[in-house]
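Enquirer: Feature list, courtesy of Swiss-Prot:
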BINDING   G154, G155, A156, G157, V158, G159, K160, T161  ATP binding site
Amino acid sequence: MATPANQTGRITQVIGAVVDVQFEGHLPAILNAIETKNGDNRLVLEVAQHLGESTVRTIAMDTTEGLVRGQEVTDTGAPISVPVGAGTLGRIMNVIGEPVDEQGPIKSEGLRAIHQEAPAYTDQSTEAEILVTGIKVVDLLAPYAKGGKIGLFGGAGVGKTVLIQELINNVARAHGGYSVFAGVGERTREGNDLYHEFIESGVNKKGGGEGSKCALVYGQMNEPPGARARVGLTGLTVAEHFRDQGQDVLFFVDNIFRFTQAGSEVSALLGRIPSAVGYQPTLATDMGALQERITTTTKGSITSVQAIYVPADDLTDPAPATSFAHLDATTVLNRAISEKGIYPAVDPLDSTSRMLSASIVGEEHYNTARMVQQILQKYKSLQDIIAILGMDELSEEDKLTVARARKIERFLSQPFFVAEVFTGSPGKFVDLADTIKGFRAICEGKYDHLPEAAFYMVGTIEEAVEKGKKLAAEAA
């Protein structure tokens, strides 16, 4: 129920990002946006609690330095609303929909509230179709669903952002529809780089407008927790509008953990008693409210790729553990694999996908994937024996398994387009058929004669054969 707009109140206390406002008469509804001036800037506060004595407790969407008690605040009578539509493409906006790219105002098709109901069961679509990414380890072992939810899990510095940028490069460029990128509590430098890369690669035009394909919504690390807790919803609102117009939208979020982290900062300031590991007691509810809206309906689809930081590499931490339940495919990045120099450092045994079923991907793909996992699992179980007794104590059959597993491990690596700058090797996009063919041949022993090094950082199996010849020539 929207309250009458233009009601005024006065600030009674400011504690960091939380501001208490006293109203006379009607109280603004929970989640309403109320506005005040902070210097020359418009400061938006979102109502979080009704405290009694005509006072509401609000969360600020920007810094509160400079606010004073007794300052006047106006109720807008509605939740935070942001511009949506084609005018947002090629532009960067913040949590409240203001442009931050210095390219003038956003020409929008109207405003849409950032708090929406999730689509009803009857409106949701359940078709299963594979989204080919061109990344071998993903396409083979944990394939992504079109219109599905994908999570990239990893600790600090194992390559989540590089992987998300490669997916943007491979999928968004080839993709005819629109994309939305929500930068939630990540590095401003990365956001800036991404903006310029999009312009250089032709995904976006400077200043937006005709020909731009991706809308950017940023609430980075330097923003107060209120903005970081809501910027994911702002990005999602832009994506939902495109979906409801019948588009197939790609929605990238980097990083969902920061959304949870911001919620936990705000929760403590709101006086809630923390739950496990100090997270907010409403962790599952907050995550559900965001994730249930990211869905494919009969009108259009949203395929979302979400980077999820794993604190201290512990997948059982409540923040990553809560996100697991919502995803169709999980790509787990492993520090032990990145330490071997194998990139992308995707764990082939820990990553899962509901799409990896013979009825969806076909018998050949399914059997090849399972064969690869079987060999890698056998190698994993032999590692203790190798560490204690050495390779010589293994049976001939086990030695062969180990040799093939090490080749598979290296063949799961691949040079990325977005990493060309710092690796010096050109990126590779590998078709699904080539990926299946290559791994099947390794499992069947057709390339037992090639050295391990031939499989490292190549695209297709033909490139590995070429590299093997080159290595043999150099050794001769």
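Here the Cβ of each residue, glycine as well, is placed from N, Cα and C on the backbone.
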Enquirer: Through the lens of DSSP with three states only, how would you label G159 (ATP binding site)?
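Expert: In three-state terms, G159 (ATP binding site) counts as coil.
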Enquirer: In the three-state scheme derived from DSSP, which category covers G154 (ATP binding site)?
Expert: strand
Enquirer: Enumerate same-chain residues with a sequence separation of six or more from G155 (ATP binding site) and a Cβ-Cβ distance below 8 A; give 'none' if the list is empty.
Expert: Y309, V310, P311, A312, D313, L333, R335
Enquirer: Identify which of the binding-site residues A156, V158 has its Cβ surrounded by the largest number of other Cβ atoms within 10 Å, counting every protein chain shown.
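Expert: That would be V158, with the most Cβ atoms nearby.
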Enquirer: Within 10 angstroms of the C-beta of T161 (ATP binding site), what count of other C-beta atoms is obtained when all protein chains are considered?
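Expert: Counting Cβ neighbours of T161 (ATP binding site) within 10 Å gives 19.
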Enquirer: Quick check: with G154, G155, A156, G157, V158, G159, K160, T161 left out, which same-chain residues have Cβ atoms within 8 Å of the centroid of the ATP site Cβ atoms?
Expert: Y309, L333, S338
Enquirer: Looking only at G154, G157, G159, K160, the binding-site residues on record, which one has the least crowded Cβ, with the fewest other Cβ atoms within 10 Å?
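Expert: Among the binding-site residues G154, G157, G159, K160, the sparsest Cβ neighbourhood within 10 Å belongs to G157.
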